[in-house]
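A.B. asks: What Swiss-Prot records for 1-4 is topological domain 'Extracellular'. Here Swiss-Prot flags 5-28 as transmembrane segment, drawing on sequence analysis. Sequence annotations record features per position, and here Swiss-Prot assigns S-palmitoyl cysteine to 27, 30. Feature annotation from Swiss-Prot assigns topological domain 'Cytoplasmic' to 29-241; the stated evidence is sequence analysis. The annotation phosphoserine is assigned in Swiss-Prot to 41, 44, 87, 104, 109, 112, 199, 212, 215. Sequence annotations record features per position, and here Swiss-Prot assigns region 'Disordered' to 78-139, 209-241. Per Swiss-Prot, compositional bias 'Polar residues' is recorded for 97-115. Sequence annotations record features per position, and here Swiss-Prot assigns compositional bias 'Acidic residues' to 124-133, 217-233. Residues annotated as region 'Interaction with GRB2, GRAP2 and PIK3R1' in Swiss-Prot, with similarity to another entry given as evidence: 175-178, 195-198.
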């Protein structure tokens with residue numbers, strides 16, 4: 001009578017806690033399934049230990065002697081280990097140089113080329129210094145007084161050696177050959193040298209005197225050649241300026 005008196009609403013309220021508990025248990029079970037499935041899959045791929053049960057071998061008894069049964073087991077084999085995959089290494093990774101190091105190497109190379117030019121200049125200067133002789137010549141300016149006395153009006157004797165002096169004057173040189181005599185010895189530093197320096201003012205006068213002397217000598221030689229019995233076939237004549 002009491003069961004008939006319960007309405008469907010009251011019956012649903014009584015069963016509601018059981019339904020909620022059942023749903024909660026199912027949800028918890030569903031959450032645990034993926035973790036257990038992952039562990040089972042990894043164990044199936046990488047087995048930790050495989051136990052192989054060897055077959056039992058029985059030895060028959062002999063009639064003469066009685067021995068207990070002896071069971072022999074084959075040696076256990078270690079499970080084959082699967083290779084562990086490794087991450088691929090990049091090719092040529094060790095040969096690459098960082099950009100900062102390359103930039104520093106380029107800078108050092110440019111600096112080395114720039115430093116070579118001053119070194120070459122120094123080498124050239126050293127070579128030029130080596131080319132100079134050991135002794136140095138001291139050049140006096142034109143304004144400084146000459147240490148050698150200047151002979152302006154010296155008697156010029158008629159001597160064939162004066163032809164060489166005329167040639168030297170024509171070549172614009174600053175010295176004149178003087179014959180060995182008392183006057184020339186006094187004029188040439190007490191006879192230590194055979195020539196004296198001539199100033200620029202006295203050069204035209206000496207040139208005129210030497211030219212007149214050489215022309216007179218040439219005329220005398222021509223007269224002697226005409227008067228002589230054996231005359232040379234040819235004769236070199238110096239053109240006088």
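Using N, Cα and C of the backbone, Cβ positions are placed for all residues, glycine too.
Help me understand the surroundings of these features in the structure.
C.D. replies: With a cut-off of 8 Å between CB atoms and residues at least 6 apart in sequence, the same chain places nothing near residue 27 (S-palmitoyl cysteine). In this structure, residue 27 (S-palmitoyl cysteine) is part of a helix by DSSP.
Across the residues of the topological domain 'Cytoplasmic' (29-241), the predicted structure has a mean pLDDT of 59.
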A.B. asks: If one measures from the C-alpha of residue 215 (phosphoserine) to the C-alpha of residue 30 (S-palmitoyl cysteine), what distance in angstrom results, rounded to a whole number?
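C.D. replies: Cα of residue 215 (phosphoserine) to Cα of residue 30 (S-palmitoyl cysteine) measures 146 Å after rounding.
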A.B. asks: Validating a neighbour-count step here. Other CB atoms within 10 A of the CB of residue 30 (S-palmitoyl cysteine): how many?
C.D. replies: 9
